[in-house]
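Chemist: A single structure is presented below for examination.
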């Protein structure tokens, strides 16, 4: 079945265009509500959101959909995605919903669904809900329509849970930190967590107006953070994205520390504390070969999945693994969370920094990354990867990289793009291979 509504991370799109309209959101609420109404108890759904202007519209539409099929609704307001996952489980809700388009601009929005266990829904569950969206809803009798209430202590509950991931014996009172919340969901909770743990906190991106989420700020654009770290002589910078499920670190020299380096540090620390189950770390095919080589020297296997934190989490659950993530900054620690949590990941980095008595630049650049180049080629029609000349160029490149690098070529799941990525110790070889394949794809497209 072709998926009309659900993509790689829930439902996402430009606001007021299919599928991100009020009408579709209401029907998603009705379909998901009917699907999760199992058993004879009163059924409850928890709904959180980030700071986009359209969040009000989507929240109201979902609330109408869920209550119309007899589900009670708990509204928690702006809260990071991992906070919604956490509260869904702790409040014994049948379903959790996060209204967010993550790192996308304010004009986009999305709907992410979590099961009662706090994990994102499986593709099978999404398929069942998708099939019901365009069907007549199973409306509740007038006396059975759901109720809605807003709770005020959701942020406090999440703050407490995040702080519990940080060793009780440690404090951050010797650190000056710059924190960029991307004008997003963590704009209140993240500064509170760091302040309560004793840090001096200098904030960026904490004045959301509905339109400025991820706008030249946050983990996808840490340039302002880098500048502020240098200006204030801070010990470290932390950049979250719009829904705070990913994090990028900046050291005291203004250098970026990506998700691969964060995973390397956390995996090393977890291994020492016997928390690295199966001596395995899970990452995607985009993670740098340098990470794989570094972990291998420690006897740690790197298990690679398709791109997307959903695939990382699925592999972690299937193998019972505890540490995983993506180069983009999604870090999943199953002994603390069920989904990526930028703030929890940042606290693990800070714990290591406090205990090491080193500067961030000395601690956080754990391995030397291989030169890596990624380019996108847009195509208009057809299957350019099946073209004979493209296949030949790919075969030649794979032969050139044999034993000394990696080549990854894939079609985008959301746009008509071919993504070409190569990495090797020789940067000239990397550029030569990527440019040649891109040009061959352009001619074939």
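Cβ coordinates are placed from backbone N, Cα and C, and glycine is handled just like the others.
Copying in the features that Swiss-Prot gives for the protein in this structure:
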| type | residues | note |
| --- | --- | --- |
| ACT_SITE | 102 | active site, phosphoserine intermediate |
| BINDING | 102, 241, 243, 245 | Mg(2+) binding site |
| MOD_RES | 102 | phosphoserine |
Chemist: Can you list the residues of the same chain, besides 102, 241, 243, 245, whose Cβ falls within 8 Å of the Mg(2+) site's Cβ centroid?
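Modeler: Sorted by sequence, the hits are 50, 80, 81, 100, 103, 184, 185, 240, 242, 244, 246, 340, 342.
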Chemist: Taking only same-chain residues 6+ apart in sequence, whose CB is under 8 Å from that of residue 102 (active site, phosphoserine intermediate), what do you get?
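Modeler: Same-chain residues close to residue 102 (active site, phosphoserine intermediate) (Cβ under 8 Å, separated by 6 or more) are 9, 81, 110, 241, 242, 243, 245, 246.
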Chemist: What's the number of neighbouring CB atoms sitting within 10 A of the CB on residue 243 (Mg(2+) binding site)?
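Modeler: Result for residue 243 (Mg(2+) binding site): 35 other Cβ atoms within 10 Å.
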